[in-house]
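Asker: The structure that follows is given in the form of structure tokens.
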């Protein structure tokens, strides 16, 4: 804030507390004017924010501006509604105490806009929760609904709030908004039936006629022309240029959907019914009784209000009197009937408005079960209410408004003085008694029991018989005529009598004198029978059944307002208040126009001068030690550039150097208090004069720093270039030495290893090994190998052998046991049959199986292998289909489950096969063994596989003979048989010449057709 003092001649001061002549109203208004001309619409009076309506859009409400004020101390930057909002929010979070913001001012001063800005700030800047988005939208959308039903065009404002509103925003422990609640005060219900010239009824009536669709208007039996309705023609202003009723209707309907309102039909029935009620006409009979002249209106009201037409007619044309416990119904005259009709319309609208506020509160209520307890959340309240009003004709409503402002002023003075006293005590400064006007005497004049104006009014309303305005005035003169703040025409002096009528009384409020007229408006005895008859017969949900069934006498309007105001005071007293005072600069709503007379009027009735005098009763300026020392330390050599000691000592040293006298300041525990603004201005001017010197010192320091930086840069550059040069020279020397050693080594490469060729030979070895590493064979079949230099030939062979051995070991380790067994068998088969037997190449790619039998034989011994074979008799060579089973120690030839021949491996002398592609093989057995039947002549399509397995299991690989032409085998003792093998064009196994077995080999060994031929 202090930074703006240097421009105070142009833009004034940001805080009125710093006005030198704080008792001058002229100086106060001049400061407002200066700031208004510079579009600075916000000014402080201590913690009170004064706002002047600019009547134009200013670029000071963006999201960037919200972030600028978020979390910043109240006085650090220029005054703003966001600064007040943020300060209130942070106080709620840190102190865990409920807060409230009181907004007051005349109609058109910007109260509603200020409350909108506050709600928008909390919606945007507060932490976001799951419930936050929907709640924030409902909070904002409640405004157009309340404006439609509670705002109207007046002579001063096209969108004037005609009711007071208090809204609570509830926050959880994390600072997230979780709920809200609205209280409404003093709805101007008289506007429903009467408007001054140039004014309008509440917006909702015109929005319904302009924006409602044809079906809706038809169901309500309404026409679009407002001039057709008595309650809309008295102001003679059906349309205004600044408001589009059709668009506003859409906005209100959308807002009702967002809020969750589902009873629009009932609501619009009531609004339409009020218009029809105003068009109800009456006639007067010969005996003075009244009757309805247009029965069609009564029938329409029966449909819209849901009330019996005869009951409604009786309610507005008769009254109920109670005397000595007996009730009497008497007719009303013509004037009383019109008054009863208008009273009913006002009562219906007021209760409908209250019901609408309840619905909005249900929408804003917390939905989360976590927040049932009141202690679970903190509250920030926003009060948007009329400011002090002085009109040409002041009625009962102005009386209530000004009474409310008296109470708010009393609350403000009490809390302000209390805060001042607490701050003084906290800082250890003696409290000085503040002289101020205590308006408690005025509040008691209005509200005191049995003696106050409200009590006298209630007695007059409740006494039997007809009420009389004159009797009420006389009673006040008798009861409170001697009060210094009460004047009537009878009690006034001659000068005052000339400006007061006989129907007026005058109160001397804190903000000035106001004359109230009692004629026709102050004393209004309510016809409770009228309301009970109507509401009891109505089926509308807008009227409470409990209120209708309550037979107790209702309180008067003044008592109701007094009680609601007392409750409001209790709410505000339980919270820490902040204040916004709104001022309108002119009545024509022109931007840039400042009407001094109008502003002076508002300054007076808002009590701003009284607020300023209370705030300035002590010290005009106070700041924490660190903030004061940080700003003004350049003015003292001992505190500049830094003070390293205690803050209080630093401030004391600084003010002593500045020449402050003891009367000008006091040092508290954490703050300095300066009594006179002139002292602060002198200090600020000294700082402004010191700034060129400070700037020169900073420039010198900066230039020295930049020059030293440049020099350091030059030193670093020089050192870097030197280092790079030395590195480059070193690399060149190393390169030359390397080339020299390589050349010398190449020359002596064939000599013995020594200093002349060690580097070259080492390089050759390294290059070869690197080449070997990069070009190793990929698998055991890859026989490639880099060509070694002559001196590494032996080492290369060793490396190649080791590498192959390593690859083989790796390959073998990766081979599974079943594949290892397969490979061993294949290797044995290769050793025996490779290049020896014609059918061998066809079997290389085929796996050897563990059995060739389709179904295992039931032989009791565990066989390792089985294969079907054809056995030829030794005599006659007759073929027989058999099975050959191999065990670990012997082989057997089986016919089904019967063993035909057993062949022990130990007795096996050899195995003979032909070199052709046939499947014949002979197992040679010793002839001396009587148990053996001789050699076994067999044929198998898997001869290679069978012979390999027998030779491996019998461990007689070397006993296998591949015979190229014929095979001799023993038939019996001393006798031999011969098998001749020949190639031919036709497969044939038969007995040949000289008793030999002739085998013609021309077929594929695995052919099933060949097996059939052999069997035949």
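Placement of Cβ uses the backbone N, Cα and C atoms for every residue, glycine included.
Straight out of TrEMBL:
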- 105, 106, 107, 108, 109, 110, 111, 112: ATP binding site (BINDING)
- 12-688: domain 'Myosin motor' (DOMAIN)
- 821-1003: domain 'TH1' (DOMAIN)
- 565-587: region 'Actin-binding' (REGION)
Asker: For the region 'Actin-binding' (565-587), what are the same-chain contacts with Cβ under 8 Å, counting residues 6+ beyond its ends?
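Answerer: That would be 32, 36, 45, 47-55, 81, 84, 87-88, 91, 95, 97-106, 108-111, 114, 155-156, 166, 183, 185, 379, 381, 383, 387, 403-404, 407-408, 411-412, 415, 593-595, 598-599, 602-603, 606, 608.
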Asker: Using DSSP, how many residues in the region 'Actin-binding' (565-587) fall into helix, strand and coil?
Answerer: 9 helix, 8 strand, 6 coil
Asker: On the 0 to 100 pLDDT scale, where does the domain 'Myosin motor' (12-688) sit on average?
Answerer: 81
Asker: If you skip the near sequence neighbours and keep only those at least six away, which residues in the chain come within under 8 angstroms of residue 112 (ATP binding site), Cβ to Cβ?
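Answerer: The list for residue 112 (ATP binding site) reads 143, 147, 151, 159, 161, 384, given in order along the sequence.
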Asker: Tell me, how many other CB atoms lie within 10 A of the CB of residue 107 (ATP binding site), whichever protein chain they belong to?
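Answerer: Taking every protein chain into account, the count is 21.
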Asker: Give me the non-local Cβ neighbours of residue 110 (ATP binding site): same chain, 6+ apart in sequence, Cβ-Cβ under 8 Å, ordered along the sequence.
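Answerer: Residue 110 (ATP binding site) has long-range Cβ partners 51, 53, 582, 584.
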Asker: Using a 10 Å cut-off, grab the number of neighbouring Cβ atoms around the Cβ of residue 109 (ATP binding site), all chains included.
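Answerer: Excluding its own Cβ, the number within 10 Å is 24.
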Asker: Which residue, of the binding-site residues 105, 108, has its CB surrounded by the fewest other CB atoms within 10 A?
Answerer: 108
Asker: Fewest other C-beta atoms within 10 angstroms of its own C-beta: which of the binding-site residues 106, 111 fits that?
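Answerer: If we count Cβ atoms within 10 Å for the binding-site residues 106, 111, the smallest count is at 106.
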